[in-house]
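Visitor: Feature table excerpt (Swiss-Prot):
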- 124, 125, 126, 127, 128, 129, 130, 131: ATP binding site (BINDING)
- 91-253: domain 'SF3 helicase' (DOMAIN)
């Protein structure tokens, strides 16, 4: 037999999960009545905390970051959404990249389909758009844990039961390099939490921004090159070097949901099998994002031909020559309807109308003479013989 209190908590929990509530602030804004009701009960703070923890755990275990982003897409805006002119893709276009390929790779990582390459790394100089892209993705996911470098002993204290881990301005990993490598590769590990016991982190996508070369690990004064390649194997490397103008602005919160919906709509599923089908191979550390080139007009509104040069190579096209039919031959050899008028006479008539006289005008062949020459060269037998040679 369930008590009234149990029924109330279960109903509240279902509402919180359905509305994707992941923080006390979201709860206060979206469900203020249930928040006040629980807060007024004895032990209300612990009740709020435990209820919210169940909600975030449910989302982390049943949904991926990509799915949470996709849910927020506005289908009415998707019809006229221009992917190439979105702020995120404008940044990629500044570098001459295939912006569909980059977005597709990011979507695969967010959907936990990147395998060992479980981290999206935006790195490069300041003011190149690293943080605004990462912030837009994190806001679209909602259930995000942040790495706290200031908390030396418990830097991952906020990263349990999350759909995405955001590491802003990452620096030298130092003595935490092994923990970083485990989390960045999507392994299940246990971490220590302040005032609590250890807690398990399930495979969670990571998004990271930095101005430094994080592949160089220094512990004290000693450089540890053995960690360089393992770190590269865990990162989707996106190096941004083009500085943005001062009035570029932030990425709209609705942009990434529309990007994900656009990819799904046009057949770019967020799986590594689909990625290799479109782009030939899995992404690597030194991936060339500029290849293959995107055809002009690939994302113009209403454009249905979304094929890139990767899928339009000559080997994939089977061209079959059509035999030359008799009616085509007759049409080619049919007498022309143009009057039998010399070209020179026509030019003189036009010149006289304009008040201009031409001297020493060389006589040009008439249309009949040109037709006779062409008929002598391209006879019916010759056309059929040439076409038969092409077929052979």
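Glycine is no exception: its Cβ is also placed from the backbone N, Cα and C atoms.
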Visitor: Work through the binding-site residues one by one (124, 125, 129) and point out the residue whose CB has the fewest other CB atoms within 10 angstroms.
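Guide: Fewest other Cβ atoms within 10 Å, among the binding-site residues 124, 125, 129, is found for 125.
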Visitor: Which residue among the binding-site residues 126, 127, 128, 130, 131 has the fewest other Cβ atoms within 10 Å of its Cβ, if you could check?
Guide: 126
Visitor: To test your reading of the ATP site: which residues beyond 124, 125, 126, 127, 128, 129, 130, 131, same chain only, put their Cβ within 8 Å of the Cβ centroid of those residues?
Guide: 122, 209, 211, 240, 243, 244
Visitor: Could you give the mean pLDDT over the domain 'SF3 helicase' (91-253), rounded to a whole number?
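Guide: A mean pLDDT of 90 is what the predicted model shows over the domain 'SF3 helicase' (91-253).
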